[in-house]
Amino acid sequence: MLHTNNTQFHPSTFLVVGVPGLEDVHVWIGFPFFAVYLTALLGNIIILFVIQTEQSLHQPMFYFLAMLAGTDLGLSTATIPKMLGIFWFNLGEIAFGACITQMYTIHICTGLESVVLTVTGIDRYIAICNPLRYSMILTNKVIAILGIVIIVRTLVFVTPFTFLILRLPFCGVRIIPHTYCEHMGLAKLACASINVIYGLIAFSVGYIDISVIGFSYVQILRAVFHLPAWDARPKALSTCGSHVCVMLAFYLPALFSFMTHRFGHNIPHYIHILLANLYVVFPPALNSVIYGVKTKQIREQVLRILNPKSFWHFDPKRIFHNNSVRQ
């Protein structure tokens, strides 16, 4: 039952209603979400394929890009298919375990993305401020250690949020006025008080990531403007263009969503929901487009693969050779 007066720690189901106030246009809302999902799916799969098959792209920067693409695939797949089920087929009912799993996956993916963007900022800092030692600093061993640190840090900060929800008793209405199982939407259905400490921790972690990225770019700008040759400055800054665009695509929707939730009390509720969707739906698609367009190595390899002449002259022995070299 979705409506009950009994207090339960683990109710059987919740009802995710979609975008409150826009139920009549759910079918039409689903089409841009579907297009965004296809873009995210195809774009990130292509990026992973290109990085895996092209030996010239086996560099730290592209390893981090592969991590980002994998994270984007997880985030978009954890959210958009269920949204489309709600928009097109009214499949809003979701089991408690599935709802918790979706919430946990969203937290994991957004946490991973934030850390990967932070590490990528450090990568750009080393590449521009200390280029001669770049390959000596970011060795394969260091990249592997950074990958482990990224995963461990995300798990350490995200897992407590899930245990907090599991400890809360739920009573009354089981309706979530959202398009996915959002943490605060679930917490508001609880009969117990919400511990704000976890929210402060999440905000602090995000602030630390942004601060590290900001410090990296301050140092990058200082190094660039100290270059003796004027024509070298735009070239140096262009290597950071993709990362800056991806960073803005990730953090700006989150900032707008937070600001409207905190201060926009007179803003219609459906605006809050749509902004929250921007935060989890659009970055995975935008990231693949941004890196595909602005990163020369990725763009050239994608065009070569999509070129019919290159396709018919595609030599599978080259991929086998690349894999043999790595082994």
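If you go along the chain as it appears here, the first residue is 1 and each next one adds 1.
For all residues, glycine too, the Cβ spot is worked out from N, Cα and C.
Swiss-Prot assigns Asn140 and Leu221 to topological domains of the same name, so the membrane does not separate them in that record. Using DSSP to sort the residues of the topological domain 'Cytoplasmic' (123-144) gives these counts of helix, strand and coil: 19 helix, 0 strand, 3 coil. Applying an 8 A CB threshold to same-chain residues 6+ apart, the list for Cys99 (disulfide bond) reads Phe14, Val16, Ile176, Cys181, Leu186.
Proximity of the transmembrane segment (102-122) to the transmembrane segment (239-259) is established through 3 or more Cβ-Cβ distances under 8 Å for residue pairs spaced 6 or more apart. Across the candidate stretches 31-51, 57-77, 239-259, the maximum count of CB pairs under 8 A to the transmembrane segment (145-165) is reached by 57-77. As a summary of secondary structure, the topological domain 'Extracellular' (166-195) carries 7 helix, 7 strand, 16 coil according to DSSP.
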